[in-house]
Every structure is written in structure tokens, then in C-alpha cells.
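Database features, via TrEMBL:
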SIGNAL    B:1-24  signal peptide
TRANSMEM  B:72-88  transmembrane segment
TRANSMEM  B:108-127  transmembrane segment
DOMAIN    B:108-226  domain 'Na+/H+ antiporter MnhB subunit-related protein'
TRANSMEM  B:133-152  transmembrane segment
TRANSMEM  B:164-189  transmembrane segment
TRANSMEM  B:209-233  transmembrane segment
Amino acid sequence: MTNALTVIALLLTAVTATTAALTREPVRQAVVLAFLGLCLALLFTVLQAPDVALSQLGVGSAITPLLILLTVRRVRRQEQADEHPDRTE
Amino acid sequence: MSRTARLRLFLAAAAVLAAALITAATELPGFGGHHHPYGERAVAAGLARQTANIISSVNFDQRAFDTLGEESILFGSVLGAAILLRLARDEGKRRAAAEPVLPTTRLFGATLLPVTLLVGGYLVAHGQLSPGGGFQGGVALATALHLAYVAADYRVLKRIRPLAALDVADALAAGTYAALGLIGLAQGAGYLANTLPLGTFNQMSSSGLVAVINAAVGVEVASGVVVLLAHFLDQAVEIVHNGENR
Amino acid sequence: MTPRHTLALVLLVAGAAALLLAALALAVLPGPYLRLHALSPAAALGAPLVALALAVDTGPGRAAVKLLVIGLLLAIGGTVTTMAVARTTVRAERKAQQ
Amino acid sequence: MSVFPYLVAGWILLAGLYGLVTSRNLVQAVGCLAVAQSSTYVLLLAVGYRSGATAPVFSDLPTDAPVVDPVVQALVLTDIVVGATVTALLLSLVIQLRKRHGTVDPEELTGLRG
Amino acid sequence: MNTADLLPLAVAVPLLGAAVLAVTGRRLPRPGRDALATAWAAADVACLTLLWARTAPDGRAVSWLGGWSPRGGHSVGVVLVADRLGAGLALLAAVLVLAVVCYAWRYFDEPSGEHGGVFPALLLLFEAGMVGFALTGDLFDAFVFFELMGAVAYALTGYRIEDERPLQGALAFGLVNSAAAYLSLLGIGLLYARTGELGLAQIGAALDQHAAAGHGRDALVVVAFVLVLAGPLVKAATAPFHFWLPDAHAVAPSPVCMLLSGVMVELGVYGVARIHRVVFAGAGGLPDDAVRDTLLAAGVLTALVGAVMCWPQRHLKRMLAFSTVGHIGLFLIGAALLDPAGLAGSAVYVAGHAGAKAALFGLTGVLLDRYGSVDEHGLHGRARELRLTGLLFVIGALALAGLPPFGTGLGKAVAEEAAGHWGGWLPAVFVLVSALTGGAVLRAGLRVFGGLGARPAEDPEAAATTGEGEEPEIREPGRRPPVPMLLVPALLLAGCLAVGVLPGVGRALAAGAAAFTDRDGYLAQTLGGAPAPAGAAPEAWWTVPGVLLGLLSTLLAVGLATAAVRRAPGRDTSGLFRVTVLPLRRLHSGLLGDYIAWLTVGLAAMLAALTAQL
Amino acid sequence: MNAWLIAAAVLAACGVGPCLLLGLRGSPEQRLAGLNLAATITSVVLLLLAQGFSRTSYTDLALDLAVLAPAGTLVFTRFLAGRQQ
């Protein structure tokens, strides 16, 4: 049973990681990265590494997406500012 | 190089790399093998030091120097982000605007915030006993504060976030970690030696220095992540180019 | 098999079925609105049911209370976030139609 | 089964590198770096796994139970922190670069060449 | 104080200093901050000097952290090991940090208020990372400190956020180096799977046992070798992993460049040599011949690429950065000989080069300070007024070219002689690279400070990075250069001279090189056995051929520089130049995707080369 | 081998799988809906694993995810709402 669980978690991780690398648009990629965080946490738990899974949950599902989205938000705001120099957001 | 040339070059090289990795994988001991000499020694050493969570024992006692380096990376990144995301000469700050949220979300955020703080504190406090520890708990604590941003808006977060104090706390915790090592040095047992009383197995007060370092790491991670995110939030929400309208 | 275990199993099957149904609905149903409709009750129901099953299996004690708290958190969190997601979806659709 | 986890780790690494090579957006490139990094987590934890064993956390376990390797777990914990902080630093560079250069497309970054 | 205690202290002191500066920095006035930073940097120099003095010339100081000394040859802790080369490199890093802190007293337009003290705090963290990397005897610990110096260096490189180029350079630096660090970690994972150990000595011993148990050499060791060394090799800017270096070093603030070029890159070569020697040089590792050939090829390629790319540069800092690439190639050649003599030559060379290169970057900082430009063409003749600066610059260029009796000349002579034993043509590489890099810098010095020759014409075909329009690093252009900005480079050049003149330095480093290559001694002393006496130390002193070759490369450099200065402007570039240099320049495209692709290509090439020779 | 682990495996494969189907393509809003459900299902799987491995201390994972996942989802909704204005 554990083997089956490991294989499932590994497959989920591989598929999500591949998609994350292939997703071109940063916001969509951020969602996929959050997914990747979940899959990795699942994999780590199956591999009996709860401490690591806890870290991954914190970093993968909260911190990294927040960082990426804040970056994108700043970048977008700049784009708007460049297009309409007299108006923001 | 043109884009296709680059891709071809990469794919050719990646094929070699892939072949090498596959060959290496077949020569590795099979998945789930029983040969872990260092791991077994680490378990014995951790139990001898009255630490129930062996991972914490490895992180904060046996390989505490690694973790000192890791916390310094965090500290350095917080300082680095502060320097990189500082106000440029041609930029100013504007007031953050209120942002719309559903009333249920707001209420939920207000309820979840203390719960998350509690969970974070719990994870830090039990680091030497159960899964979790300074880092995991610290991240949860930092995330808790940012519920104020995602469930309300940036102005609320700024009100409940003692940024100046956290900035100092981050540096102090980083310094404390490095300084804690000197205790062992002064006692002649070596840098970062666990010379504190070890306590009883599976109790909150067990494992000596591990618990203390764990707490310092918790403080550093929580405050460091908040400060780090504060710089990003300032950029995303408040800082504008002087040419931009406010 | 004691009645307690049977109850736990029944609850587990019910909870898991609710979650699977939600996942299936998410994948199969056409259109964003329908999906969201199917999603929220199943998720809000499934998680607490499974938590309850685990609590029943564990028996009374601190561990069971913790399980129930987690189930409650999941139910509330799932519902509220689903609403928030729904609102964003609605807005996006509206904007797309404009 | 005995090599599958290692192969997955290698696959993730190559996928991440592919994403980096073909990236047209620096934010996305930083994300791809995070993907490439996750291959290290998978490899290390797979190396430390021992079948039939459980986590080396003895608060709810007899001390003679078979456990998996705690050392790799400590390594991966460190790795995760390092990854997150480096991601943050790189993203802050991207933010400033966008302001000064006006693009986040690495193909248009030609200020330094030759 | 115990000698062993000095090792962790040398890492802890700057870490504590960084924390103190971060807390008090915003409350102290600028001079207070500078004084604090200087005191802290000086304390670490003192600590490491003591360590250097107390380390036996042919022995090592070993410190098991946390008191986890090995029992029966096994330990669960992290070990720090200092031999003369490791401690010496750490000392070099500390001295350069002290120099940089002093250099930046009056130089840097450091933001005050909220961010006061952050810059020196980052410098101290950088120092902690370099010292930790130089002293550690544990593979994963090396990864951690490698990342520490990396992360801080990215931030320091992108320090001038008002200019786009530093940001771009820092980003390339960060992405490429982080990717390489993760490859290293994968390699560490492979080694851990095979041996179940993390300490360098333990892994080495376990690999040997594996071989002694009758297992043959296999692909796993090759793959692990290549992956583990990916990090240090990229940090050392070995071709084709070198693309990030000119981008980063050309744009980082001048004081930071002094550190990056002076010692951080060299730490990469040190890491390669150390990891190979302790982990892979035994029976369970790789055959010496295969490793030597592979690393020699990489070294020669790096040296030639660096030198050829250095010559046509007009952006002074980029020119210096490419000259670093060239010299790194030479250091790698010395280390790749895998014998004490070559290593001793590289060690002396690194010490001398650090002084010369840091001084040159410092002097370029004076130009940037005064004229807001580091463009060779744009500054033509403008810096005639800075006589002393010009003199120092020319001396630095000659030192770079290997003029006896500078330390660079001595190191080059010793390494050349060692290399000559393995391939008669290798000394030619040393001469050529020294002449080209020294000549390029000399040419720039003559043009900028002497105003010699006509102003060069623009070449529309070259994809060149100009040095115009740099953001000045301070806010009062046109002031007299402050005293520390000249004194520090002068002292650094004096240090470069001292390395070549004082016989003690060369002798100590040669003994250290013998201890470094003594693998059995390292294993025995680290794991708690009795060390056997190390082999005889090689000779590291001037010889007649060495002096002559040094003079030859200097003369060549002078000849090249004067020829270039005298050349009539607007004359067509030669055909040879068109077919060699131009395509090479085009490869340095500044594009991130290219850099990662080259990283993969380099790995694949190394894998193929090593497998073919197995 | 017990009912809890079987349930965990089924939920991981047939629960998270469809969420991935939606979450890895389509518009950000669609992906977010997938992520949201995936987080809930993952929490449940983590709970089941804790029971299946008979490790009560593993429940901390589900607890952590239960408080962090809503924060993560709200981050996205906050961003998407800002973008739509």
C-alpha cells in the first residue's frame, strides 16, 4: 500500500513539476507552483518526512505564491504606469 | 545564438545528462534500502541527548553549524532585499488604498488570524518533540500576520505589524544563534556544543540547547519573513515612481 | 469488527465519496458556475465527515478533539475560500463578457 | 520501483532547466529555478527512505522502532529555506529590473554583451 | 585559547558583527558605523592570522563542532579543517574584506537612516560565507556556506538599483549560480546514497572501502563528481560556465568587485581542488589521469577565452572581469596538475593576483568616482591629472602581466614550471594569457591616464558593452580622490609585491600545498588517527627560466599595449580577428537562456570526457 | 495496509488528480478553484495518512495546511480582484 501511495505521489509531483516548468504566464505558474507545494508535501509525508512536509506547506502554499504575486503586481503596475503616465491602477 | 539553436544545443546536452542520471540511478542502492550508517548514528545520538524529534536534534545539535549558515542566509536575504527594494531616488510612497473584500472573508480572516498564530506558536514550541520547529512554526506565524492583508487590506496589516521591532528581532535572533555557540566554546566543549541540562525525554524542557536554538530560529524566521514580505508589499502597494500619479 | 469501527468506516466512505464527487464535478461539469456550485457543499461536507470518522476511530480524548477541530477548520476555510473564488470567477466572467 | 523515485528527481531537474532555457519572463524563470530545486528534495528524501520504517520522531513511538534516515530530512529542511530566500532575492532583483529596463523578457536584456 | 576553537570563531565573529551592525547601524552616524565595521573586520583578520600562525606548515587544525568528536572513526557532527591553504584563503578573504571596508569609508554613497549599516553587515556576512567555505570539511556544510556567499553576493552586486545593468548582472549571477548549487546538492545526494556519509573525509574513506570490497569504478562516481563540482566550477567561472562573471563583475560596486574577483572566484577553484582531493582521489574515486586531462582542458579553455575576450573590451571593469576569467583558467591549470608543485604555484598566484586585481578594481573606482565613466575610449586622456592613480594603475597592469618580482610573477613562474612537466606547451598558455590580460589593462592605462595615441574609432560591428553612462557610485563627482581610495590600492599592490619578495610566504604556501595533497594525512587527522608525515614540500621560489618567462610576458604585454595605442584609428580589423574574436564575442550574448544552455553543455562535456577515459 | 491508507491512496489519485486536470490549464480563476479543492483533499489525505501510519503526531500537518491553505487561496483572490479593477 505504501508503495502505491509513493507511486501516486511521485506521479502527481512529476506531472505538476513539468507543468510548472512549461507554464509561461507567471500568475498561472504561481498557481501551479502552489499545486507543486501540495504534491511535494504529500510525497514527503508518504516518505515519512513530516517535518519537511510542514516546511514545504508553509513555503510552497503560502510564501512563494505570495512573493510571486506581489512581484507580478508590481510589474503590472509599472506596465500600466508606462502605458498611461498620468494614471495608475 | 538563435532561439532554435539554443534549444537544440540544450536538448542535446540534456540528453547526455539524462543518460548519465539514468545510469547513476541504476547504480544507486535501491529505493527503501536499509543501509543508512549516518542516519543510525544520528538517531542514537539524538536519543542520548533526550531529543524526541531526531530531525530537530540533527538540525540544532548535531549539525547545528549548517543551520547557523542557513539562518545567516535568511538574515542576509532579508538585509539584501531591504537594500534592493529600498526607495530609489526617483520614487516616493503613496497611501495604500482600501481594497474590497467579502464581509465573510473579513470575518473569517479575523477568526483565523489568532488560530494561525496559535498553531505557529505550537509548532515552534514543540519543535524538539513532534514534527515542526522554529522554521515551520515561524512561517506559520508570519503567514498569520499576512492574513490581515489578504482578508482585509494593507492598512490593517500595517497597523498590527510592529515592523521596526521585528527588524531588530530578526537581527538579534540571528546574532543570538551565533552567540549561543560561544557558551559551549567558553566551557571548552566546542562551538555550539549542547552543554545545557538535557531534561527528561519527551518533555517540553528536554534536549538542552536544541530547545533554545529552536526558539531563536522561530523568532528569526517569523520576523525575517514578515520583514521580507514587508519590502515586497511596499513595492507592490505603496511605492510609486515620482512620475506616477498618486 | 466493533460497531465503532463500522461507524468510522461508514463515515469515511461517505466523506471520501463527497470529496471524490466534488473532484469529479470539478473535472466534468461544464462552465465555471456549475462547477463552483458542485464544489462547495461536497468539500464542506466531505472533510468534516472524514475527520469525524477518524475521531470515532480514535475514541474519546485529546486526539479526537484535535481531529474535530481540524475538520471544522477545513469546513469553514473551504466554504469561505470557495465563496471568495466564486466571486472572483463571477467578476472575471463579467469582465470577459463586457 | 527501486529506481523510479530517482528517475522522477532527474526528470524534474531537466524539466526545470528546460523551463529556464526557454523562459520569456524573468518571474517565470525564477519559478522554474524553484522547480529545478524541488528535484533535490525528491532525490534526497528518496535516498533516505527505508521501507517499512517511519519518521524518526519519538514523541509517539517506541524508541526501538525502525525509522527512516533523519539526516537527509534535516538537509532538505535547510535546502527549502535556502530555496525560499534565494527566490525572494531574485524576485526583488526582477522588480527593480522591470522598473529600470522596462521589460521582464530575458531575451530583451542586451545591456551586457560582447 | 585552543587552536581548534579559532576555526568556528573565525566564522562566528563576522556573523555576530553583521547582527550588531544591522541593529545599531541605523542609530549610529556614518563614522561610527565605519569604525564598528572596521573593528569587526580587523578582529576576524586577527583571529585568522592567529590560526594561520598556529597551523603547522604540514599539518591541520581540526575542530569538531558541538563537541561531536569521532568515536571509532565516526561522528555525527560537522568538522572544520584548516590547513595552510584553507586558512590562508580564509585569511586572504578577511584581509580583503578589511581592505574593502577601509576603501569604502569615504567612497560609498551608502543609504543612511533605515538602511544604515546594511552594506557593511552584508560584507561581514559575505566574509562569514567565504571563511566557512574555506574551512569546512563537510560537503553539505560547504553547500550551505557556498549559498551564503552566493546569496549575499547577488544582493551586493545589484546594489545600485538606479541602473539597469547591475540588476541584470546580479540576476544572471544569481540564477546561474543557484542552478549550479542545486546541481551540486544533487551530487551530494548521490554520494550520500552510495556512502551514507556527508563529511569529505568520511565520504572519501567510504568510497575507498566500496572499491576495496571489490566493486569496480562505475558511472555513479563520475556523475556524482561532475554534479558536485558543478557548483564550485560555476563559481570559479570555468568555461563554458563563465558567462555570468563578466556580467556581474562589470557592474557590481567597485568595492564589491574587489572581493568578487579577488577571492570569491578563487574559492571556486579551491573547492574543486579540495573536494577532488579528499573525496575522489582515492581508490574509490576517479583515476588521476582522467581528472587531470579533463580539468586541464577546462583550465586551458577558460584561460584562452578569458584572455581573448579581455583584449577587445573597452569597459574597464568588464576588461578586468575577463582578465579574472583568464587568470582563473591559469589557477585551474595549476590545481589540475594534481601535484604539490602546481598547487603551490596556484596558491602563490592567487595571493598575488588578489592584491593586483583588487587594487585595479579599486583604482577603477576612483575613475568612476571622478568621471562617472569607466569607458576606455570615452576617458581617453581625461585622467592625466590623476598622476598617482595612473602610476598605480600601470604598476597593477604590469603585475598582472607577471612582472618579477611581483607575487603574480612568482606564482606564474612556479605554476609554469610545474605545468611544463606535464606538457611542454602549457607555459606558452601562461605567457600568452598574462601578456594579453596585462597588455589590455596596460593599454587602457596608457590611454586613460596618459592620453597616448589617437582616440580609437568606434567599431559598429562589435557587440560591445561600453562603459559610458555608468551611475556614479557617489554623489559628489569631481572631488579629489579621498585618501583611503588610493592608500588601499597602494597597500594591496605592496602586498602583491610582498608575496613575491618575502621568501616566507612562498615557502609556507608550498608546505601547505604538500599538506593539501596529502590525502591520507587529511583522512587520518580528521577521523582521529595518527597522521603520517606529509611528502616533501615543493620549491616555490624564483628560478632563472621563471624570471625570464615573467619578463617575456611583461615585454609582450608592453609591446601589445604600445602597438594598440599607436595603431592608426579607423584601420580595418584583421581577418583573424573577424573569425576568432567576433564569433566568441557574439556568444557572450547576455541572454539568460544561453547561459543555462551552456551550463548543461559544460556538464555534458565533462560527463562525456570522463566516461570516455574511464 | 489498512482502510485509512486505501482511502488516502484513492483520494490522492482520484481526488487530487481531477483537481490537477483543472488546475494545470485554463484561466487563473479556474486553476484557483482546482487548487482550493486540492488543498482540502490534501488536508484530508494527510489526516488519513496520520491514522494509517498510526502516527498521531502527523496530524499537525493537516492542522498546518488547514490554516495555511485558506491564506494561500485568499492571496490569489486578492491578486485577481486587484487585477480586475
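These residue numbers are counts, starting from 1, taken along the chain as shown.
In case you wondered, yes, glycine gets a Cβ from its N, Cα and C as well.
Away from its own ends, the transmembrane segment (B:108-127) comes close to residues 53, 56, 101, 133-134, 136-145, 147-148, 150-152, 204, 210-211, 214-215, 218, 222 of its chain (Cβ-Cβ under 8 Å, at least six residues beyond either end). As a summary of secondary structure, the domain 'Na+/H+ antiporter MnhB subunit-related protein' (B:108-226) carries 85 helix, 0 strand, 34 coil according to DSSP. Averaged over the domain 'Na+/H+ antiporter MnhB subunit-related protein' (B:108-226), the predicted model reaches a pLDDT of 91. The stretch in B:133-152, B:164-189, B:209-233 that contributes the largest number of Cβ pairs under 8 Å to the transmembrane segment (B:72-88) is B:209-233. Through the fold, the transmembrane segment (B:164-189) approaches residues 64, 68, 71-72, 74-75, 78, 195-196, 209, 212-213, 216-217, 219-220, 222-224, 226-227 of its own chain, all at least 6 residues removed from its boundaries and within a Cβ separation under 8 Å.
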